[in-house]
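> Quick paste of what TrEMBL says about this protein:
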type	residues	note
TRANSMEM	16-32	transmembrane segment
TRANSMEM	38-54	transmembrane segment
TRANSMEM	66-92	transmembrane segment
TRANSMEM	162-182	transmembrane segment
TRANSMEM	217-238	transmembrane segment
TRANSMEM	244-273	transmembrane segment
TRANSMEM	280-299	transmembrane segment
TRANSMEM	311-344	transmembrane segment
Amino acid sequence: MPRKTIQQLSSEQRRAALAAVILLACAGLWTLLPFFPAFGWAIVFAVSLWPYYAKLGERWPQHRGILLPGLAVFLTLLLFVAPLTMIATALAQDSAALIAWEHQAALQGVPAPAMLQNLPFSEQLTGWWQANLARPGALSHLPIFAQQGSTFDLGGRFLGAVLHRVLLVVFMLLILFFLLRGGEDIAQGLRRGSARAFGPAGETVGEQIVRAIRGTVNGLVVVGLGEGVLMGAAYYIAGVPHPAVLGLLTGLLSAIPLGAVIAYAIAAGLLVLQGAIGEAVGIAVFGSVVVFVADHFIRPVLIGGTTRLPFLLVLLGIIGGIEAWGLVGIVLGPALMAALLLLWREWIGTQPGPLNPPDTEAAETGD
């Protein structure tokens, strides 16, 4: 019995087929929901690495099966995952001392540091410290210590979170391998699907999103590397403990709005605890200047320059993307803003494209 095409089906059969397709798609998306962060980051890395990967593929086409995608995954692991591992290792080494300090503080209280005598209102600050923090068990009244539970509970939650992140990274690298391996076929399928679903505008919007993703990643990498190196050198000069780790942390957190501020505020706080008030002020001032220049001048040029996005849309895209999509929204936010801006410019007629074809404008002028 010959199969019927979609045009030969009755209206009831079409509605039933559409409902079945929607139900199947929803079930598939629900199944993949736990892996959405891994898919998101894998797509971001694949889009960013594709121009370089394609050049290597043209030069060594015989190695596109395993060697080249495996090399790209290894470089991604080396450049992006290894720094996170270094920070996690440093934190793990200091965790024993932190747990011992917390146990001692719970039994004996926290003595007032000598540097309080050098601060304004030293008598009031020392009196408050003695009344609230120097007593045994005083830390248990603070929310950060009262809600965390026992050390074993805290360690169990931390270990579970670490294992979850490790699994996401493993799946992200696995997905990235197959995206790069079948990149040409995937791209061709997406072009056909977008053209069939949205017409000629679909492929144009897709290309704009790809350019926005590459521009955003370039901005994050360049700005993060620059901020990490500058602040790491400043930490070393000022005498901050673990300057390399804190510099690396500053570079990674610079991808998040005000993230670098948190990093150099931690460094300044460590200097204050050591009694180095002048160095702490210097770190705060220098860090503020570096972050201001990077966020208001360098990053918008790198991100908006490739996608022709105004600074306000770049800023709103980054902040709104994080709020809506999590950390991967740093890249998705500006990409979506770029696609919407492209559609708007074509719709109002200020930019030629599928929504504003040149022949239509010429016909209107001729009339």
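In case you wondered, yes, glycine gets a Cβ from its N, Cα and C as well.
All TrEMBL annotations are machine predictions without curation.
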> Would the transmembrane segment (311-344) count as touching the transmembrane segment (38-54), i.e. at least 3 C-beta pairs under 8 angstroms with sequence separation of 6+?
yes
> Do any residues, 6 or more residues outside the transmembrane segment (280-299), come within under 8 Å Cβ-to-Cβ of it, and if so which ones?
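Cβ under 8 Å, 6 or more out: 219-220, 222-223, 226-227, 230-231, 234-235, 238, 240, 254, 257, 260-261, 264-265, 267-269, 271-272, 311, 314.
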> Near the transmembrane segment (244-273), which residues from the same chain, at least 6 beyond its ends, have a CB less than 8 A from one of its CBs?
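Distal contacts: 83-84, 86-87, 90, 113, 115, 220, 223-225, 227-229, 231-233, 235-236, 238, 279-281, 283-284, 287-288, 290-291, 294-295, 315, 318-319, 322, 327, 330.
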> Near the transmembrane segment (162-182), which same-chain residues lie under 8 Å Cβ to Cβ, leaving out any that are not at least 6 residues past its ends?
35, 37-39, 41-43, 45-46, 49-50, 53, 64-66, 68-70, 72-73, 76-77, 81, 88
